[in-house]
Amino acid sequence: MANTSMVKNEMPAQEAEIRNKNFLEVALGYTKEQAIDEAKRCLQCKNKLCINGCPVQIDIPLFIQFVADGDFEAAYQVIARASSLPAVCGRVCPQEIQCEAKCVRGIKGEPVAIGRLERFVADYHITHGAEKQIKPISNDKKVAVIGSGPSGLACAGDLAKKGYSVTIFEALHLAGGVLVYGIPEFRLPKAIVQKEINSLKELGVDIQTNMVIGKTISIDELLNEYGYEAVFIGSGAGLPRFMNIKGENLKGVYSANEFLTRINLMKAYEESGATPIQKGSKVAVVGGGNVAMDAARCAKRLGSEVTIIYRRTEKELPARLEEIEHAKEEGIKFKFLTNPLEIVGDEKGWVKGISCQQMILGEADSSGRQKPIPIEGSNFSIEADCIIMSIGTSPNPLIKDTTEGLATQKWGGIIADERTGLTSRKAVYAGGDAVTGAATVILAMGAGKNAATAIDEYIMGSREG
Amino acid sequence: MFRIIKKKELNPTVTLMEVEAPLIAKKAQPGQFVILRTDEGGERIPLTIADYNREQGTVTIIYQIVGATTRILNSMSVGDCLQDFVGPLGRPTVTEGKKKVAVVGGGVGCAIAYPVVKKFHEQGTKVHAIIGFRSNELVILEEEFRSNSSKLVLMSDDGSCGEKGLVTDALKKLIESGEQYDEVITIGPLIMMKYVSMLTKQYGIKTVASMNPIMIDGTGMCGGCRLSVGGKTQFACVDGPEFNGHEIDFDEAIARSDMYKEFEQKKQDEACKLYQKEVS
Ligand SMILES: Cc1cc2nc3c(=O)[nH]c(=O)nc-3n(C[C@H](O)[C@H](O)[C@H](O)COP(=O)(O)OP(=O)(O)OC[C@H]3O[C@@H](n4cnc5c(N)ncnc54)[C@H](O)[C@@H]3O)c2cc1C
Ligand SMILES: Cc1cc2nc3c(=O)[nH]c(=O)nc-3n(C[C@H](O)[C@H](O)[C@H](O)COP(=O)(O)OP(=O)(O)OC[C@H]3O[C@@H](n4cnc5c(N)ncnc54)[C@H](O)[C@@H]3O)c2cc1C
Ligand code: SF4
Ligand code: SF4
Ligand code: FES
């Protein structure tokens, strides 16, 4: 029996006033019954528009059909053909602009909750089906993967399944990339990331942490001295941008990366944590993306009063819809059409406020977005003892600077073939944020998988490297 | 694993450790640093590579016990392993193209200054070392400096060793006496480097200061280590740690360095208690 409800099954979540004081996961996931009920909302359309909305082309109607039939493990196998990180993507994909945006049911009413179903299936597999991975027979060929974010993990996983000896080199002391140092526990439990990493290890992937490629070992050394036949660069876009306004180096001003790294990677939110964090009483977060939402919601959980400052309107916020809604429910305030001019400090060098300017939206620019323009004489200030700058990141120049002949864009992105990930250097591939600039988990994962295919073809001799 | 293979107390608050880290030893250059964690759950702290042995695959660090993490580090013994040890980070000191330099070190900063002095000396650059300490019992590496420089001036705040006075007094005296330096390199407390830079500015001598802001990742990812240099924001871990002393905003750096004072005090008290328990 089809389910004709116009709205999605709600996903159970912790109450806003409780969760904004802890770091436990906010959304709790569907029960079996809810999942089956939601799956029945799918019309099993002939032209499957939803699939076109998914960057890795998961066969969405097929997996949903299995969910409706109660065969969750079969559903998982469908997803796993296209995605290496379903438990992650089901949680963090911006579904509303991808698969769900294309869903036919969304024309009248809400689309099928594809993301929530994907999450349910992946979690079900982890708790019920998770058989140990079997280490494939080795083909004695070595590939090096730089960075352990979604692109690197996906590339390593696919290559390992084909029999390659893969080593992941990670600069930090923990593998996972943004999934461990950026996205907070309450949105993506670290145990889930750890499970993915453990299953890579079962496949025989060797993960070497504390290895800064370009410093500890160079790419040329990997290829020429260490015997790797190809290298995949998945080093992300971790270099934080600042606004270059006055007062940005005052005490109490963080980049979102620093704030989130202290909290997530270094566990500064735990009483026993060895790494310090400034717990402001009034925190201002500048920016409007996922990163800004995460920083704001972390600050809230540390007990602060939090305001997000964004220079356009709510409609333009680049963050995922769910994060914006959750942030609001948790009591985070928004100041839209507001642009920071200067950060003001006290005589001891601590931040005490931020002076801003009111904006209005003008004409659309080349990107099609309306450009915010300042209103003369509208200056005002916001009191804050901690400010988190969350206005974007770009690729870290470290690898570019230490790898001769690796071509990059002016803004730092590595130039790589869109389909294969091949860079200007023979046998060197790249993908994920290092190529595109800050983007999404699913795109990074997809790029890692594509590069794995290309690397395999190159090493096996059927493609130019 | 990063095994500690030697531990030697240089003075009551400064200890030298040699750590097994072959990949880092292979690449290390004077002026670079490592980031370490003593244990799972520990803090990441940067320490300069004081020396290295490429054949044996070891890296030497010299640290002053100032807070929780250095205290925990100091409770470890030969044979123990550090959880994490990553490097070599930062840009190496530029030692080429200089005929005569003065290296001015203060306190534990002398540990950082030593490999730089040694490198200059080995490559035939004339190097004058001016090292300062609060008092006699805090002096470190005096012999090493003496045998690797063409002149060593030892200063102490209280006159208990060497000459009484500040390193800036000694530097000024040398410059006034006609010594011509292509460059002055200064490594030590921020306040000392600030005054050294102010002094050399008067004489128009190029000066490089080795900065030690609070760091986390050491790879350019967090921006926590940022400084203003010539009005521009720079990340000490990747753009430095050495910068033009005449352009650094030292006052800002000094302010930033005490950002976590309260927290650090609390953690240090905890570490003290823990450490005492283990001893008794
Ligand atoms: C706070 C935050 C929230 C986000 N929320 C979402 C979301 O909700 N949904 C979504 O789809 N996307 C989100 N994103 C974006 C998403 O996380 C990234 O697009 C994705 O992680 C990129 O993957 P990657 O593999 O390219 O790189 P990363 O995940 O950045 O991983 C790169 C890894 O490489 C390592 N590395 C870098 N340089 C070196 C080197 N020289 N040697 C060795 N290792 C190196 C880094 O330490 C890091 O571990 C968010 C990002 C952030 C920061
Ligand atoms: C590039 C660089 C090289 C350094 N080399 C040496 C060295 O060779 N020998 C040495 O004794 N010290 C060195 N330091 C300083 C050393 O990192 C700190 O003394 C150490 O982190 C103190 O940690 P703690 O927990 O024991 O003390 P805390 O009580 O945490 O802090 C005491 C002091 O150390 C500073 N500090 C705290 N945490 C950090 C951090 N994560 N990064 C940097 N500074 C911090 C604080 O500003 C404070 O002034 C260096 C610092 C940098 C940035
Ligand atoms: S991976 Fe993302 S876009 Fe694709 S189906 Fe899943 S939630 Fe949708
Ligand atoms: S478009 Fe929507 S309803 Fe149609 S098959 Fe895809 S998920 Fe089902
Ligand atoms: S320590 Fe994080 S950017 Fe320098």
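Glycine is no exception: its Cβ is also placed from the backbone N, Cα and C atoms.
Curation plays no part in TrEMBL annotations; they are all automatic predictions.
As recorded in TrEMBL:
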| type | residues | note |
| --- | --- | --- |
| DOMAIN | B:1-95 | domain 'FAD-binding FR-type' |
| BINDING | B:I62, B:Y63, B:Q64 | FAD binding site |
| BINDING | B:C222, B:C225, B:C237 | [2Fe-2S] cluster binding site |
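Around the Cβ of B:C237 ([2Fe-2S] cluster binding site), the number of neighbouring Cβ atoms within 10 Å comes to 27. Checking the binding-site residues B:Y63, B:Q64, B:C222, B:C237 against ligand 2, the ones with a C-beta less than 6 Å from an atom of that molecule are B:Y63, B:Q64. Checking the binding-site residues B:I62, B:Y63, B:C222, B:C225, B:C237 against chain A with a Cβ-Cβ cut-off of under 8 Å leaves B:C222. The binding-site residues under consideration are B:I62, B:C225. Their Cβ neighbour counts within 10 Å are lowest for B:I62. Annotation for B:C222 ([2Fe-2S] cluster binding site): spatial neighbours B:I216, criterion Cβ-Cβ under 8 Å with sequence separation of six or more.
Under 8 Å, Cβ to Cβ, and six or more positions away along its own chain, B:Y63 (FAD binding site) finds B:V14, B:T15, B:M17, B:L47, B:T70, B:L73, B:N74, B:V108, B:A111. According to its DSSP assignment, B:C237 ([2Fe-2S] cluster binding site) is helical. Taken residue by residue, the domain 'FAD-binding FR-type' (B:1-95) breaks down under DSSP into 13 helix, 46 strand, 36 coil. Distance from the CA of B:I62 (FAD binding site) to the CA of B:C225 ([2Fe-2S] cluster binding site) is 21 Å. DSSP classifies B:C225 ([2Fe-2S] cluster binding site) as coil under the three-state reduction. Sequence-distant neighbours of B:Q64 (FAD binding site) (same chain, six or more apart, CB under 8 Å from its CB) are B:T13, B:V14, B:T70, B:G107, B:V108, listed in sequence order. Highlighted here are the binding-site residues (B:Y63, B:Q64, B:C237) whose C-beta falls below 6 Å from ligand 5: B:C237, in sequence order. Within 8 A of the CB centroid of the FAD site residues B:I62, B:Y63, B:Q64, the other residues of that chain are B:L10, B:V14, B:T15, B:L16, B:L47, B:I61, B:I65, B:T70, B:V108, B:A111.
For B:I62 (FAD binding site) paired with B:C237 ([2Fe-2S] cluster binding site), the C-alpha to C-alpha distance reads 19 Å.
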